[in-house]
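Copied over from TrEMBL:
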ACT_SITE  64  active site, nucleophile
ACT_SITE  247  active site, proton acceptor
DOMAIN    16-260  domain 'PNPLA'
REGION    136-180  region 'Disordered'
MOTIF     20-25  motif 'GXGXXG'
MOTIF     62-66  motif 'GXSXG'
C-alpha cells in the first residue's frame with residue numbers, strides 16, 4: 001500500500017493517538033473503554049458486542065508503551081477489555097523485578113530492567129493472538145523528528161481478532177508467523193534509531209518516499225522497539241537488518257502530531273471526523289533534586305512530558321478548520337503524575353484516579369460530544385454545524401467571564417485531607433452539636449450555614465468541600481436529585497478582594513458561567529434572544545444587569561426542574 005491515496009468523496013477519518021507512559025498507559029485504556037461503552041449504549045441491538053477500536057478508528061497510533069497498546073488494538077484486533085487484562089499482566093511480568101544493583105550502575109549497564117523480559121513478554125503476547133500467516137513491517141525514515149507510533153486504518157475489511165490456537169506460534173513466539181496480508185490495512189511503529197537518534201516509522205506498507213528503508217521486522221520486534229524506554233530497557237536489535245532501536249518516546253512522547261501527519265501522508269487532503277488523544281496523566285510539579293538521582297528523574301520527566309507537547313501542537317493547529325472542534329484530549333489531571341513509569345502494582349489507584357476524572361461533569365460532556373462525532377455517518381457536515389454552535393457558545397461564555405473570577409479559590413491553601421475528613425462520614429458522634437452534613441445532602445433543606453471567626457478556616461473548609469469527589473457522589477445518589485444531572489458551582493465573597501469579588505451581580509454571573517460551562521446546550525435556551533445573532537459581538541452590558549442575571553438563573557428549560565442546595569460560611 002502506498003501513501004497519498006485520494007479518499008472517496010465525503011469520506012471522513014477517525015484517528016486515535018495514545019501517549020507513552022509505562023504502566024500508566026492503563027489509564028488510557030480505561031478512558032478508551034468508557035468511549036467504547038458509550039458507543040455500545042447507542043446501539044439498539046442488545047446482543048451487539050462492545051465495539052473494538054480497530055472497527056471504529058481509521059488510524060490508531062501510539063508512542064512508547066502507547067505504541068504497544070496500538071499494536072494490541074490495531075494490529076492484533078483486541079477488544080479494550082482484552083487489552084486491559086493483557087496490559088496488567090504485561091506490567092507485572094516486565095516491571096516485577098529490577099536488576100540486582102543500584103541506580104549508579106544502571107548508568108553503565110544501560111537499563112534498570114532486563115530487556116529480555118520485555119521481549120519475551122511481547123513475544124508471548126503476539127503468539128497468543130496471531131494466526132499462522134506472516135505480515136512483515138517496513139520502516140520509513142524521517143530525519144527531522146522523533147516519535148513512536150502505530151496506526152491501523154479501519155474499513156469493511158477491519159482487523160479480525162486472531163486465533164490463539166496456533167500451536168507453532170505458542171511454542172516459538174520469536175518465529176511466530178504474522179497474519180496481515182490485506183493491502184488496505186496499514187500500521188506503523190516509530191522508534192528511535194540508536195545510531196542517528198532520529199525517529200523512524202516502521203510500517204507494513206510502502207510509504208512511497210524515496211528514502212524509505214524496509215527492515216522487514218516482526219511484530220514482536222516492532223513492539224519491543226516502541227516500548228524500550230531508555231534507562232529502563234536496552235535497545236532492540238532487528239534480526240534481519242541488525243539495526244538497533246529504542247523507544248521513540250525518548251524524543252517525542254505525544255503521538256498525536258505524528259498520527260495526524262501520517263493520515264495526511266496516507267490520504268490526500270483527508271477530512272477528519274474525530275481525533276482522539278489519550279494521555280497518561282499530567283506531570284507532577286516537583287522540585288529538582290540534586291545528584292545522579294535528580295538527573296535521572298529530570299531526564300525521565302523531559303522524556304515523558306507529553307502534555308506540553310500536546311499543548312504546543314494545539315497552538316499550532318488552533319485555526320485549522322479541518323481539525324478545529326474535532327479533536328479531544330483526555331488526560332487525568334490529578335494524581336497520575338505522582339506515579340512512576342514502572343509502578344505496575346498501582347493499578348487500583350490508577351483506576352480510581354481515572355474513574356474520578358471521568359466522573360467530572362466536564363469530562364462526561366466531552367465523552368458524549370466525542371462519541372457523537374465517532375458515530376456520525378455524515379461527520380463533516382455535522383462537525384461543521386457543531387463547530388458553528390460551539391463557536392457561538394464560546395463567545396457568550398467569554399462575555400460572562402470576568403477578571404479574577406477564580407482567584408480567591410486558587411489562593412486558599414489546601415487543607416490536609418484528614419483535617420476535614422470527618423465532614424463526609426456517614427455516622428457522626430452523638431455529642432456533635434451541628435447538623436450531619438451527609439444527611440443534609442440527602443434531604444430537601446436548602447441551606448447549610450457555617451459561621452466562625454475570621455481566620456478560623458471557613459474558606460479552607462469550603463474549598464475542601466467543593467474539591468472533594470465525595471460531594472458529587474453524595475449529591476448524585478440523593479433522593480431529590482432523582483437521576484438528573486447535578487451541577488456544582490461556587491463563589492467566594494471576599495472583603496479584601498476587588499469590587500467584582502464581593503458583589504451580588506458577579507455572584508450570579510459566576511454561578512451562571514459555571515452552570516453553562518457544564519451544560520452548554522442551555523446557552524441557546526437562556527440566551528435565545530441573542531444566540532442566533534452571536535456571530536457578531538452583542539452588547540452584553542445591556543443583558544448583564546443584576547435583574548437580568550437573576551432571571552437567567554431562574555429559567556427552567558422545558559419541563560426540567562431545578563433544585564438548589566447551598567452551603568454558606570460567614
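For all residues, glycine too, the Cβ spot is worked out from N, Cα and C.
TrEMBL: automatically predicted annotations, no manual curation.
Just so it is clear, the model here is predicted, and its values are computed rather than measured.
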Tally of DSSP helical, extended and coil residues in the motif 'GXGXXG' (20-25): 4 helix, 0 strand, 2 coil
Across the domain 'PNPLA' (16-260), average pLDDT on the 0 to 100 scale: 68
Per-state residue totals over the motif 'GXSXG' (62-66) - DSSP helix, strand, coil: 2 helix, 1 strand, 2 coil
